[in-house]
Every structure is written in structure tokens, then in C-alpha cells.
Amino acid sequence: MTATVENLTFQKDTLGNAVDKNTSRLELRSYSLAGRHGSTEPLVLAWSSQFRRLTWGCALDALHRSPCVAASQHGVTHLIRSSRTPHSTRCRKEDAQPGHHGNGAASVTAQARGQRSVLQVPLPVPRSCLFSESFVVSVSSQSRFLASVPGTGVQRSTAADMAASTAAGKQRIPKVAKVKNKAPAEVQITAEQLLREAKERELELLPPPPQQKITDEEELNDYKLRKRKTFEDNIRKNRTVISNWIKYAQWEESLKEIQRARSIYERALDVDYRNITLWLKYAEMEMKNRQVNHARNIWDRAITTLPRVNQFWYKYTYMEEMLGNVAGARQVFERWMEWQPEEQAWHSYINFELRYKEVDRARTIYERFVLVHPDVKNWIKYARFEEKHAYFAHARKVYERAVEFFGDEHMDEHLYVAFAKFEENQKEFERVRVIYKYALDRISKQDAQELFKNYTIFEKKFGDRRGIEDIIVSKRRFQYEEEVKANPHNYDAWFDYLRLVESDAEAEAVREVYERAIANVPPIQEKRHWKRYIYLWINYALYEELEAKDPERTRQVYQASLELIPHKKFTFAKMWILYAQFEIRQKNLSLARRALGTSIGKCPKNKLFKVYIELELQLREFDRCRKLYEKFLEFGPENCTSWIKFAELETILGDIDRARAIYELAISQPRLDMPEVLWKSYIDFEIEQEETERTRNLYRRLLQRTQHVKVWISFAQFELSSGKEGSLTKCRQIYEEANKTMRNCEEKEERLMLLESWRSFEEEFGTASDKERVDKLMPEKVKKRRKVQTDDGSDAGWEEYFDYIFPEDAANQPNLKLLAMAKLWKKQQQEKEDAEHHPDEDVDESES
């Protein structure tokens with residue numbers, strides 16, 4: 001009985017090179033061990049990533065105790081039990097020797113006796129753990145088990161032993177080990193690593209087929225037949241893949257089979273006649289093989305079928321020109337131009353004519369070109385073409401036609417810049433200025449940047465100072481135009497624009513800008529929106545009066561502005577006053593009075609009354625002044641200034657009683673804006689009239705209304721300044737009365753102010769006893785703390801402040817007495833401490 005293990009086929013590389021060493025997974029595959037007589041036994045193969053080796057074993061009865069294979073460094077070791085060492089194993093002639101590897105396969109025949117020993121055969125390991133290559137293990141045995149072999153010491157075994165051992169082997173099939181550590185490996189495999197290793201080994205690259213040498217015509221025909229069959233099969237699989245057709249035709253062309261290649265191209269055109277590459281390859285084949293007429297026919301068919309493909313036209317005209325057929329090329333160009341192609345096609349036609357010195361034909365083409373593509377750049381190219389060939393008059397006409405063609409609606413600065421540069425080259429500087437100014441007057445500023453730049457450069461080169469200033473003014477004018485167009489209610493921009501125009505332009509141009517500016521009336525009738533706008537009218541009127549010297553137009557401007565202002569909601573006293581002053585300068589006093597009277601009637605304002613009264617005072621019309629003051633006080637009885645001015649007017653006129661009556665009316669008003677000023681003016685008036693009793697009565701009446709410290713001081717100083725007998729006594733009495741009155745006053749600073757004024761009086765006019773008396777009334781300054789609270793009532797800390805404690809108030813407050821006693825006790829304690837320190841000092845002195 002012999003057991004043979006043979007035909008083990010694997011890939012060349014070892015499995016360990018393709019499997020991640022960190023993978024903890026265990027994959028098992030079971031294969032059948034096929035015997036030569038049809039018997040099968042399971043062959044178990046297992047890949048262990050832990051050892052990076054393939055382990056496999058046979059489930060035969062003789063191997064069930066050690067079914068697995070031990071790991072070796074180079075591959076897998078096949079264990080077969082034997083009674084002797086591996087050196088006692090004999091291999092059959094057709095089998096490979098142990099440890100031998102031959103072209104990716106190993107065939108081993110192992111014969112062993114019944115006694116246990118190990119036969120180790122290193123086998124190559126497949127690259128993939130799933131074994132892309134199959135293998136067969138054949139066992140030759142009549143009794144389906146190992147038999148004894150003479151000279152080997154292997155004992156025979158019976159079939160029953162084999163069956164028992166087989167059953168035991170089937171029960172002991174290795175199980176998949178459970179993975180206990182499921183944590184990820186420290187080093188992870190990446191796709192980059194897999195791709196790099198695959199590229200290094202180049203497993204997917206197949207070796208090139210061997211070169212075939214053709215030695216006779218029969219082999220050549222056979223080769224052609226096979227290639228044509230291959231091409232036809234490819235075409236039959238997918239007819240729409242044009243590359244297959246082109247390869248087929250090029251292969252036929254390489255064999256000089258032009259007719260066949262032409263037939264293939266025609267078949268391909270039937271499939272997809274819109275394919276540009278197909279037409280190009282077809283025509284190129286004909287041209288390479290010098291089939292000119294065929295090429296012409298193909299190009300004709302191509303441009304007829306696909307007239308918008310410029311590449312066909314370019315190659316067709318180029319072929320005709322290379323063949324020297326200039327007329328034919330021109331005819332092709334003409335056919336092309338009928339389709340009105342893109343600009344480059346026209347330029348190609350023009351350059352073609354210029355290569356043959358056909359300037360007139362090129363000019364004709366340009367005439368057609370600028371009509372088909374009417375762009376500014378094309379007109380400029382046409383003009384430069386004429387200039388290049390020294391047709392300057394024609395070039396000027398082209399520019400003029402272009403300016404007329406585009407008109408004012410589609411003006412482009414590049415056209416005028418090119419036109420001006422052309423005239424500059426011709427030394428026509430006046431023409432250049434006219435062109436620039438014409439363009440600047442009609443093109444918006446944002447579209448004329450290049451125009452301004454070139455105009456400035458031109459003036460710097462050929463102009464004078466005035467010309468440069470004109471450019472700057474023009475540039476600023478366009479800037480302001482853009483600003484006011486963007487925002488018509490931007491009155492600051494209008495002011496700047498008008499200032500610029502007034503300094504340079506004529507009167508009509510200035511008036512036009514003013515009319516445009518004042519036409520932008522504020523949309524909201526609120527005075528804050530009209531404040532800047534009304535100055536446009538004022539500047540307009542002043543310009544007409546001072547610059548244009550047109551009084552009648554100035555009057556019209558004033559009247560128009562006054563009619564525009566909504567006087568029921570608000571008015572502008574400045575406008576009325578300026579109008580009245582203008583009429584006075586024109587010696588129209590009646591119109592001035594009428595204007596001021598109208599303003600007072602429509603919207604009485606203090607400023608209007610004051611100006612009108614001042615005017616009448618200058619004219620010495622006092623009756624009119626009285627009437628105006630009366631009217632003024634009817635509209636504003638709370639205005640103390642008006643009352644004072646009215647009384648002063650009567651005082652100047654010598655009507656004292658009338659002035660006193662005006663003051664009495666004034667102080668009797670229930671509401672006044674500045675009553676203290678009015679009372680002071682009334683008192684000063686009585687003092688000037690030397691009415692002491694009236695003045696004293698006024699002070700008493702004023703003190704009934706207010707107990708302000710300044711009133712008391714002023715009253716005392718009045719009594720002192722009267723100069724009569726007993727004035728000092730009356731003054732002192734007033735101070736004493738004021739002091740008594742202000743004891744209950746919360747404002748201690750005012751009371752202190754009164755005492756300081758009283759002390760100054762006593763120092764100047766009083767005796768020593770009077771001074772001492774006032775000094776005793778002076779308060780003591782004390783620093784205190786108080787809690788500070790915010791607006792929401794929360795505490796904000798403490799603050800220090802100075803308070804004044806008056807002796808008169810301290811006598812009535814027991815807590816102040818307690819504070820005084822505490823200060824006295826503290827003083828006594830300090831004196832006592834000082835006395836205790838003096839004896840020590842005496843002892844020190846005696847010792848020294």
C-alpha cells in the first residue's frame with residue numbers, strides 16, 4: 001500500500017507577503033483529498049495571521065492526533081506520520097524531492113511505516129488567503145490507507161483501522177478560534193500600502209505575447225484574416241466607438257490597402273457623420289497618399305455637412321494654398337464667408353489676401369467684416385489697416401464712419417482714443433482736442449477713465465497750462481455729474497459742482513446747473529431736510545446779483561424761493577431778510593417793507609421782528625417801531641428781551657411813564673423766559689431815574705417772589721449805595737433779615753455766601769464788635785459720608801462731601817452738643833497721654 005500526495009499547485013509568491021501581519025482574523029478553507037480510486041478525505045487548510053503561515057492537514061486516521069502543520073520560515077510544512085526520520089522517506093520518480101519548489105508547484109510522495117515520525121515538506125504559500133489557484137491531492141492506495149513498503153519499516157494497517165481513524169479524524173476537525181482581543185491593531189493597513197505593494201509586484205501585468213515572424217504569403221494572408229476578423233468583431237460589438245473604425249482604417253492604410261481603408265471610413269461616416277475626428281482622419285489619409293481630388297471631395301462633403309466647424313474650412317483652405325491653387329482657396333474662403341463665421345475666420349481671409357498683396361480685396365473684405373461684426377475693435381483694426389498701408393485719408397474716413405455708426409447711444413472711449421492718437425500721429429493737434437472734448441462731453445465719467453488719461457498725456461506733451469487746467473476742470477465736472485446723477489438730493493455735491501462751474505463756465509451754463517440743482521426739492525416737508533436745499537436758492541440769488549448783475553432775475557429767484565417754501569409748516573427768516581435787504585439795495589423801500597410785513601403775517605419769528613424794527617429805527621420811524629413792538633409782544637409776551645427793548649426805546653424817546661408802564665406790564669406776565677433779567681432791567685431803570693422808594697419797593701416785591709441770595713445781596717448793596725443817612729444801618733438790617741430768612745434754607749452754600757458778603761461789609765464799614773458778631777455766625781466745615789444709589793435704586797457705595805454746621809443751628813440740635821463733648825474728651829485724653837511721656841524724658845536727661 002502506498003500513499004501519494006501529488007499535483008499541489010500554488011501561485012509563485014508566498015501568502016505572507018500579501019496579508020496584513022496585524023490582522024487577527026483566522027480564515028479556514030476545507031478542500032477534498034481525492035484519491036485515484038475515487039476515495040475522498042477532507043483536507044483542512046487554515047491561515048493564521050498571528051504566525052503569518054498557512055497550516056493544513058489531512059483528516060486521515062493516521063494523522064488525526066496531529067492534523068495540523070507546523071509553521072516554518074519559508075512556507076508550510078506538511079506533516080505525515082512515519083516510523084522514521086525524514087531521511088528515511090523515499091520519493092517516487094515522478095514526484096518532487098522534499099524541499100524542492102518547481103515553477104510554483106510541489107509534488108510529494110510520502111511513504112511511511114506505521115510507527116510515528118514526521119515528514120516535513122516546505123510548500124510555497126499562495127498570495128491570497130482565499131487561494132485563487134486550485135490544487136489536487138491524490139492518494140494511491142488499494143486499501144485507502146498507507147501500506148507497508150519493503151525496506152521502510154512501515155507496518156500494514158487494515159481497512160477497519162483506516163475507517164476508524166477516518167471517523168475519528170472527521171470528529172476532530174479544527175474549529176475557528178474565537179478572537180479574544182478585538183481592539184484595533186497598533187499599525188493599520190492602508191489602501192496606499194496595498195496599491196504600492198501591488199505595483200511593486202505587478203501581479204496584474206501579463207507577459208507580452210511572443211512576436212510572430214511571417215515567412216510566406218500564406219502566413220501573411222492568415223494574419224490579415226485574423227486581424228480583420230478581430231477588427232470586425234470589435235466593430236460589431238459596438239459600432240458607435242469611432243476609435244475602432246479609425247484603428248481599423250489606419251491598419252488597412254499601413255498595409256497600403258487604400259481602397260479598403262476608404263471603404264472603412266465611408267462605413268464609419270454612415271454610422272456617425274457628425275464626428276469631426278473621423279472626417280479629419282479620412283481627409284488626412286487621402287492627402288498623405290497624394291489623392292488630392294479625393295481629399296477635395298472629402299473636404300467639400302465635410303463643409304457641406306458641417307459648415308459651422310471652422311477646422312474643416314481652415315484645413316481645406318490651407319491645402320489649396322499649399323497646392324498653389326490661390327483661386328481655389330479664395331473660392332473656399334468666399335463660400336466660408338457666406339456663413340458669416342467668427343472674427344478669426346475673417347482675419348484669416350484678410351491675411352490670405354495680404355500675403356498675395358491684394359490690398360483692394362482686403363479692403364473689400366474689411367468693409368463686409370465691420371458690417372457683420374460691428375464692434376469697435378474691428379473698426380479700429382480697419383482704420384489701422386488703412387493707416388498701415390499709408391491710406392491716411394481712408395483711415396480718417398473709417399474713424400468718422402465709426403463715430404457716426406455708433407452715435408451718442410453706443411459711444412466707446414476706445415474708439416475716440418484711437419481716433420485721437422491717429423490725428424496726433426498726423427500732427428493734427430486741434431483735431432485731437434476737438435475729438436477729446438467731443439467725447440468727454442458725451443461719455444459718462446465712469447466710462448471715460450482711459451479717455452481722461454490720454455487727454456491729460458496729450459496736453460502735457462503738446463498743450464499749455466490753460467489746456468491742462470481745462471482737463472482737470474473737465475474731469476472734476478464729470479465726477480460731480482456722476483455724483484449728482486447717483487443721488488440728486490446730495491446738495492453738498494451740488495454746491496461743489498456749482499462752485500466749479502461758477503469759476504470757469506459762462507453765465508448760461510451756470511444758470512443751467514442752478515436750475516437743475518433747485519429742481520431737486522426735498523420729498524419730505526420737514527425743516528431739517530430743507531436747510532441745505534434753501535442755500536441753493538440763496539447762492540443762486542447772490543450769483544445773479546453779484547456776478548451776473550441782473551437785479552430783475554435776482555428778484556425772480558427770491559420770489560420763486562419764497563413761493564416754494566411751505567410757510568404753514570415752517571419758514572426761513574434768512575430768505576425773507578435777504579430779499580428785503582436786496583430791495584433796500586435796489587432802493588425799493590416799499591418792496592422791502594412789504595416783504596418783511598408779509599413774512600411777519602405768514603410766520604412771525606423773533607428774528608423777523610428784530611430786523612424789521614432795526615430797519616425802522618435806522619429810518620427813524622418810531623411810530624412804526626412802536627407798532628412793531630406791540631405786534632411783536634402780542635405774538636410773544638414771554639419774550640423779556642422784547643419788553644426790555646421796547647422800554648429802552650421809550651426811555652430814549654424820553655417817555656418815562658410809558659417806559660415804566662411797559663415794565664409793569666412785563667413783570668405782570670404769568671410766563672417769562674428770563675424774569676431775573678427783566679427785574680434787573682426794571683430796577684436799573686428806577687435807579688437811573690433816582691427813584692429810591694420805587695427801587696426799594698421793587699426789591700420788596702421781588703423778594704416776595706423769590707428768596708434768592710443774590711437778590712438780598714443786591715438789595716443790601718443798593719441801600720449801601722444810596723448814600724443817605726442811615727444807609728449802613730439799613731444795609732445791616734437787610735443782612736440780618738436775610739440771615740433769619742435763610743436759616744431754613746436747604747442750600748447752605750447760599751447762606752454761606754450771604755455771611756461772607758455780610759462779613760466783607762462789616763470789615764469795611766463795621767466795628768470790631770460787629771465783625772466778631774458776624775464771625776460767630778460763620779459755619780464750621782465738616783467732612784461727612786453718605787450712601788450713593790444708582791437710578792434703579794441699588795447701592796453704589798459711599799461718597800464723601802463737605803457740610804456746613806452753623807452755630808445757630810448747633811444750639812438747637814442735641815446731637816451736635818454730644819459731638820462737641822466727644823471732641824473735648826478726645827482732647828483731654830491726648831493731653832493726658834502727653835503728660836505721661838514728660839517724666840520719662842526728665843529721667844533721661846538726668847542720667848545723661
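Indices start at 1 and increase along the chain as displayed.
Glycine too: its Cβ is placed from the backbone N, Cα and C atoms.
Record note: of S143, S254, S503, Swiss-Prot gives the feature phosphoserine to S503, with no matching annotation on the rest. When Cβ atoms from all protein chains are considered, those within 10 Å of S503 (phosphoserine) total 9, not counting its own. Following the DSSP three-state reduction, the secondary structure of S503 (phosphoserine) is helix. Summarised by DSSP class, the composition of the repeat 'HAT 13' (654-688) is 26 helix, 0 strand, 9 coil. Each residue in the repeat 'HAT 4' (324-355) has a pLDDT score, and their mean in this model is 95. Residues 303, 307-308, 310, 313-314, 316-317, 361-362, 365-366, 368-369, 372-373, 378, 385 of the same chain lie 6+ residues outside the repeat 'HAT 4' (324-355) yet bring a C-beta within less than 8 angstroms of a C-beta in it.
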